[in-house]
Amino acid sequence: MEAVVYILFIHLNFALVGFILFAKQHFVGDFLIRLCFLLLNLWFSEWAPLFLILFYFYNAFYLFYETKNLFIIVLLNTFCVNFIGIAVFLAIEIPRFLGEYNIIANTILQILFLLLILIGMRKLDQKYRITTYLYAYKKKRMYSTSFIFLFFIFLLWYHTLFPITSLDYILTSFILITSNSFYGFLMLMILLNEKKEEHYLIYMESMKKNEEYYQKLEEFRHDYKNYIGVLEDLLAKNQSNQELETVVGYEKEFFEKQLNDTLHMKLQKIYDPLLQGIFVKFIKRMEELGIPYKIQINHIIPKLSMNSYDMIRLFTNITENALIHYDKNVANDQKEILIKVESLWDCFYFEFSNPSKNTGYNLSELLKKGNSRQKESKGIGLYSVKKIVEENTNLALNLKYDKQEQRFYCMLSLKKERPS
């Protein structure tokens with residue numbers, strides 16, 4: 001009887017972690033897999049420790065689908081095991097050491113403790129998008145990964161050397177939980193600090209570009225006044241059309257360059273420094289690649305009510321998608337990447353479009369992971385955009401392909417906050 005309760009208890013713990021923290025999309029499939037594990041474990045009850053290891057790697061396999069980074073997989077798995085360990089320590093190990101232990105009552109108490117911990121962590125994640133950031137983290141940190149895993153295994157092995165009712169067992173359990181919690185939260189703080197540094201760099205790049213564009217605009221104003229003065233002088237002296245054309249031709253290339261530079265000034269209507277920085281970086285890339293573009297910003301865009309990291313991922317993925325799938329060889333004459341930003345009565349509207357051939361892809365397929373119209377693309381960009389939109393109820397995404405224009409459209413709207 002006790003073995004059955006123990007097995008049910010372990011399986012329920014891992015199931016709660018998976019369903020509450022990670023909100024699995026394939027709920028039915030995951031439930032059936034866990035049910036098979038449970039039935040096998042009940043049949044081979046003496047192999048319960050082996051099933052604990054299987055659960056660890058099964059959870060790692062699910063996380064691998066979200067992020068290919070082994071460091072993040074180990075870090076999140078450590079947090080998951082630690083949450084279970086905290087609840088077990090408080091509701092089972094301490095009462096058992098004190099002699100106040102009932103297998104049914106304390107198991108139920110442990111489940112309640114675990115639920116409180118997981119729901120609290122879920123609320124924090126929904127507010128700060130911690131897992132969203134971790135899933136997109138790129139650095140491998142193999143030394144940290146090895147240290148976390150090996151240190152955890154060593155402490156766990158040492159912990160199991162003592163009888164479960166001994167003081168040494170309680171002390172090593174406490175050391176195991178606190179050390180894993182400390183190192184896990186330390187690494188999380190380092191990662192979040194890197195995120196802040198990324199935001200700061202984007203902001204500083206935006207400010208630097210603003211200063212450059214203001215300087216260029218002032219230079220343009222000064223040169224334009226001189227140019228007009230020369231033309232007025234020639235007209236006053238009744239010079240021939242040929243001489244006027246010579247002056248105009250000489251200055252044409254210079255003023256075209258200056259006018260193109262002043263296009264950047266349109267970004268001054270975007271008062272959100274983070275969003276402006278993303279657009280500045282995008283424009284810089286288009287200019288480096290020699291891709292023509294047009295920007296239309298009809299209204300002042302204030303600071304957006306959106307998670308900063310979500311904003312970076314959302315707009316960089318959309319703009320990167322426009323660059324990757326840009327096709328200058330389409331039949332239509334309109335070769336530019338077009339960007340339109342508007343402030344409507346109930347939302348902010350963003351439209352990105354690029355010339356592209358119709359490859360026969362269903363647009364809904366483009367939102368799935370691994371699907372792309374380009375071989376060099378990994379098919380993650382629009383999938384990430386879809387995930388962010390799903391996590392933010394104030395966002396809406398629409399894709400369209402215009403066969404006549406041979407142009408792909410990505411349209412995004414962000415609902416405005418109602419004044420309180």
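Backbone N, Cα and C define each Cβ position, glycine as well.
Because TrEMBL annotations are produced automatically, they should be read as predictions rather than curated entries.
Source: prediction; values computed, not measured.
Marked as transmembrane segment by TrEMBL: 5-25 (among others). Within the chain, the transmembrane segment (5-25) has long-range Cβ neighbours (under 8 A, six or more residues past its boundaries) at 34, 37-38, 41-42, 45, 48, 51-52, 55, 59, 62-63, 80, 83-84, 87, 103-104, 107, 110-111, 114-115, 118-119, 121-122, 125, 131.
Per TrEMBL, the feature transmembrane segment maps to 31-58 (among others).
What TrEMBL lists as transmembrane segment is 70-91 (among others).
Long-range neighbours of the transmembrane segment (103-121) within the same chain, counting only residues 6 or more positions beyond its ends whose Cβ lies under 8 Å from a Cβ of the stretch, are 2, 5, 9, 12-13, 16-17, 20-21, 83-84, 86-88, 90-92, 95-96. Annotation source TrEMBL lists transmembrane segment at 103-121 (among others).
The feature transmembrane segment is assigned by TrEMBL to 142-158 (among others). Non-local neighbours of the transmembrane segment (142-158) in the same chain are 70-71, 74-75, 78, 81, 172, 175-176, 179-180, 183-184, 187; each lies 6+ residues outside the stretch with a CB under 8 Å from one of its CB atoms.
Taking Cβ pairs closer than 8 Å, the transmembrane segment (170-192) reaches residues 75, 78-79, 81-82, 85-86, 89, 93-94, 97, 130, 133-134, 137, 144, 148, 151-152, 155-156, 158-159, 162 in its own chain, all 6 or more past its ends. Residues or ranges marked as transmembrane segment by TrEMBL: 170-192 (among others).
Summarising the annotation, TrEMBL assigns domain 'Sensor histidine kinase NatK-like C-terminal' to 306-408. Summarised as a single figure, the pLDDT of the domain 'Sensor histidine kinase NatK-like C-terminal' (306-408) averages 81.
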